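Heads up: the structure comes next, in structure tokens.
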Amino acid sequence: MLEPTPMLLAAFSLGLALLPLLFFLRRWGWLLIGWNECILQPIHNLLMGDSKEQRILRHVLQHAVAGDPQSVLETIDAYCSQKEWAMNVGDKKGQFLDAVVQEQQPSVLLELGAYCGYSAVRMARLLPPGARLLTIEINPDYAAITQRMLDFAGLQDRVTVVLGASQDIIPQLKKKYDVDTLDVVFLDHWKDRYLPDTLLLEECGLLRKGTVLLADNVIVPGAPDFLAHVRGSGRFECTHFSSYLEYSLWVVDGVEKAVYLGPGSPAQP
């Protein structure tokens, strides 16, 4: 029988010591987000003299194929999985988004939170002829990057980037943007805005029977009040899709699909 070497014993001891940390990080995946967004990213920005979002755009412009949305998505996914983590919906959870757009064939689609334009490109590439996507982004730098990403992908005619806060823009959708009701809403902005904006969409008469809400990151960072509402109000039929945090293989996350049943609908069993 082989005697354990000091190096092997040290590695085993280190592994045991790190197990609680690994469990903690798996359970509290927001620490991964905090580490990337609050520590690594500011250091990288300082050293590089630009922002992560600008670096993502530059990488796409240099390495993706112009006019090819799939190439744009794959280039962003490769960068964010290999170089710098970013809060896109990502390739794995993006498949749920693809499925909703393909199933619903929406005429009017709303996105809350554009970030760098990844999900806008992902949805717009699947829209049927004549359909349109409105994407609301509060950060002017992100909105500008999203527009450039859409232009590069050749999707600028299908998407309108709206700069502003969701709570300010939503009440303007009917009159200013000629929206009657929405077919699909993708929520991927501030998680504490998921519930207020869902209620605002209802209040403004923008949801019809069958409107699909798809909400990202309902586990990490989490949107418990939103989940409680759509699952408990009786006005939505919900399906949860378990997955992992974007560009992570071990932080459990999920996407919630909530189909609007109409006001005053009976509670679902």
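Positions of Cβ are set from backbone N, Cα and C atoms, glycine also.
Residues Lys191, Asn217 are given by Swiss-Prot as substrate binders; from Glu111, Glu137, Glu237, Glu246, that same site also lists Glu246. According to Swiss-Prot, the residue from Asp68, Asp183, Asp188 that belongs to the S-adenosyl-L-methionine site alongside Val89, Glu111, Ser119, Glu137, Ile138, Gly164, Ala165, Ser166, Gln167 is Asp188. Around the Cβ of Gln167 (S-adenosyl-L-methionine binding site), the number of neighbouring Cβ atoms within 10 Å comes to 13. Under the DSSP three-state reduction, Gln167 (S-adenosyl-L-methionine binding site) is assigned to helix. The substrate-binding residues named in the record, Lys191, Asn217, Glu246, extend over a maximum Cα to Cα distance of 16 Å.
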